[in-house]
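S.K.: Sharing a structure, written as structure tokens. Questions coming.
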Amino acid sequence: NSDERTIHSYEQLTYLPMQDCKIKFNLYLFYAIRPKKPDPTQYSIHIDIFEKISLKYRGSWLLLLNYSFLPVHRIAVQLTIPRSNSDFESCADTNCINGRCVRYSNSLHDTTFCRCHRGWSGRFCTIPFTCSCSADSLCIAKTVNQRSVCVCPVEKFGSRCLLDNVACQKDQFKTCQNGGQCMLTNEYGEVKT
């Protein structure tokens, strides 16, 4: 929901440019609730990019769903990830109470949003919530079901970043050569080195 920034569903990917540059990702996002009657609510897809090692914010994209009455939407998009986190533009919206105003990377009309601080949500970051993510992770939002959306550091995984990444800990020095870093690319234990 674009107006209230309510998250119905989400997915997270770990993207490694050396291996994933030519890969197309297919994701399926579902509405938590679908009204049976026409609904004036503007739904959208909001994409955030973070660096996995440092957890630095790199930018956001907004994809509008123009026909909200349809039960299924197919969207094809190619994202260009900024080279550094200094490439994203901030803005001056005084309505962002507990957050920071950020301009979307793909915005043709200077569309902005409030990127909320930990424990805050809503369009202007005015709705407090208790974050259940681990202390060393990012807590970036909450879903319509009141679940925290967490971004885990390299050494953690799981929906709340409470599980230790032991796969990389035990093989860190055996598999990674020339200063490489072990990465858990999904929550099922697949390791890319």
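Glycine is no exception: its Cβ is also placed from the backbone N, Cα and C atoms.
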S.K.: Determine, on the basis of TrEMBL, the cysteine among CYS96, CYS101 paired with CYS91 in a disulphide.
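M.R.: Matching partner in the record: CYS101.
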S.K.: Disulfide-wise, see what TrEMBL says CYS125 is paired with, picking from CYS116, CYS139, CYS150.
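M.R.: Here TrEMBL pairs CYS125 in a disulfide with CYS116.
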S.K.: Including all protein chains shown, what's the count of other C-beta atoms within 10 A of the C-beta of CYS116 (disulfide bond)?
M.R.: 25
S.K.: Sequence gap of 6 or more, Cβ distance under 8 Å: name the residues on the same chain that satisfy this around CYS91 (disulfide bond), in order along the sequence.
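M.R.: Non-local contacts for CYS91 (disulfide bond): CYS101, VAL102, ARG103, ASP110, THR112.
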S.K.: For the disulfide-bonded residues listed here (CYS101, CYS125), tell me which residue's CB has the most neighbouring CB atoms inside 10 Å.
M.R.: CYS125
S.K.: What is the pLDDT of the domain 'EGF-like' (87-126) when averaged and given as a whole number?
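M.R.: When the pLDDT values over the domain 'EGF-like' (87-126) are averaged, the result is 84.
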S.K.: Take the domain 'EGF-like' (87-126) and count its residues per DSSP category (helix H/G/I, strand E/B, coil), listing them in that order.
M.R.: 1 helix, 13 strand, 26 coil
